[in-house]
Amino acid sequence: MVYRNRSKSVLSTHSKKSDDKAHYKSRSKKKSKSRSKKRLRIYWRYISIVWILWLGLISYYESVVVKRAMKKCQWSTWEDWPEGAESHRVGLFADPQIMDEYSYPGRPQIVNYFTRVIVDHYHRRNWKYVQYYLDPDSNFFLGDLFDGGRNWDDKQWIKEYTRFNQIFPKKPLRRTVMSLPGNHDIGFGDTVVESSLQRFSSYFGETSSSLDAGNHTFVLLDTISLSDKTNPNVSRVPRQFLDNFAMGSHPLPRILLTHVPLWRDPEQQTCGQLRESKEPFPIQKGHQYQTVIENDISQEILTKIQPEILFSGDDHDHCQISHSYPFQGKTKNAQEITVKSCAMNMGISRPAIQLLSLYNPSDLTMVNAGGEYASKTYQTELCYMPDPYKAIRMYLWGLLFSAAFIAYMHFFPKSFNNRVATIMNRVFTRPDGNTSDLPLPTSISKSKSKKSLTHSKYAVNDTRSIKQFLVNAIVLFVSVMPIFIYFYTVV
């Protein structure tokens with residue numbers, strides 16, 4: 001055989017190597033692209049599930065729990081008037097003391113900002129639900145509207161005044177009285193800041209006044225200014241009001257409202273079981289505060305006003321005692337209830353308001369000899385606001401769960417796929433008739449079964465990635481924040 005004429009094709013080793021390099025480069029590029037895609041994968045299905053859980057959690061504590069608290073306070077559950085009686089219903093709010101830069105001066109500014117947001121929201125939400133579900137005919141604030149109001153300049157005070165009215169907007173066709181000052185608003189006694197007192201009365205109204213509501217006379221007395229013994233410009237107005245009221249005719253039952261409680265002997269006049277603190281009522285005084293009004297002034301107030309009942313604030317905790325005072329040669333008694341603070345940051349675990357129901361029909365007669373009414377014309381009930389700290393604890397647990405879930409998904413992907421993704425695939429995937437969705441034969445190995453799971457839409461990448469963890473965590477955070485914003489600003 002002759003081979004000379006056969007053409008020989010000689011392959012170039014150089015071209016072969018270049019082809020191999022190009023092939024490997026293309027494969028490596030594809031692998032790098034697939035890896036980059038895996039790293040940037042966002043697990044929308046799992047993020048949506050966690051988002052729904054957050055929606056349920058926040059809705060429960062910001063709506064359901066609040067409605068439940070209002071339901072427990074419904075007037076019909078504790079009022080005991082004759083059938084068909086139309087009572088006048090009153091809500092008493094003590095020491096809201098909206099937070100400002102004077103509240104916690106040692107804390108970082110960012111911490112104070114978020115604390116203020118939470119406290120303001122608690123006030124605003126509770127006020128809205130009280131006005132909607134309980135719908136009192138009249139609302140009275142018992143002082144300490146602000147925390148550092150006595151120290152602010154006019155510019156800052158106006159800013160906080162606007163903020164206060166945004167938190168507690170007045171309801172149309174309902175009376176809301178905010179004119180009673182507290183020591184955080186103007187100071188106390190000899191240390192009352194006269195300019196702060198004048199500013200407060202200019203915007204909120206006279207600090208000592210009386211008005212009729214529900215066939216009762218409400219007496220708002222600025223006992224703080226009345227206690228000033230050095231500056232007649234401060235004490236003159238409440239002194240004149242008290243003297244003029246004593247000389248006037250007041251046929252209706254009187255209800256006294258004061259910020260600071262009247263004098264008592266805490267060893268003899270105990271506060272009762274509704275008080276959180278087990279210690280006796282404190283009798284203390286200091287710079288711009290005093291826990292009770294002096295004994296002589298207290299007796300003068302009781303004698304001249306002759307209240308059926310009086311309500312005070314300042315202490316932040318509940319206290320109910322009985323006062324006695326002389327009246328026409330006899331001894332008359334009057335209950336005093338120190339109302340719990342409605343704020344969540346006043347050192348008590350359960351903020352509350354005091355509800356007051358008044359029923360005094362025109363045919364009710366007075367016993368002339370003792371100056372007492374033939375029957376009781378008021379009923380009152382302590383109304384607890386929702387536990388603010390339980391909601392915060394649950395949100396922190398929710399945050400911890402969310403972080404752990406996202407971390408488990410990214411740092412233990414094989415375990416996640418074997419446990420979570422398998423269950424999700426079994427529960428949410430519907431058979432569509434394809435053989436790929438049918439149960440695998442028993443002869444097929446477990447490795448093939450696991451391989452089929454990796455193609456499931458619920459499976460996660462089997463490689464660990466901090467970058468992907470951060471991306472999914474940020475996406476979840478950004479998705480949940482609008483829920484908080486909605487409940488904290490709109491609802």
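Just so it is clear, glycine is given a Cβ too, placed from its N, Cα and C backbone atoms.
Note that this is a predicted model, so its numbers are computed, not measured.
Membrane sidedness, as given by the topological domains in Swiss-Prot, differs between Arg464 and Val490. Summary of the site annotation: Swiss-Prot records divalent metal cation 1 binding at Asp95, His323. Screening the candidates Asp135, Asp137, Asp144, Asp296 against this entry identifies Asp144 as the one listed for that site.
Among the ranges 1-33, 430-462, the one that Swiss-Prot lists as region 'Disordered' is 1-33. Classification of Asp144 (divalent metal cation 1 binding site) by DSSP places it in coil, neither helical nor stranded.
Same-chain neighbours of the topological domain 'Extracellular' (487-491): 58-59, 62-63, 117, 121, 125, counting only residues six or more beyond its ends whose CB sits under 8 Å from a CB of the stretch.
Between Asn183 (divalent metal cation 2 binding site) and Asp144 (divalent metal cation 1 binding site), the C-alpha separation comes to 6 Å. The residues of the topological domain 'Extracellular' (487-491), classed with DSSP into helix (H, G, I), strand (E, B) and coil, number 4 helix, 0 strand, 1 coil.
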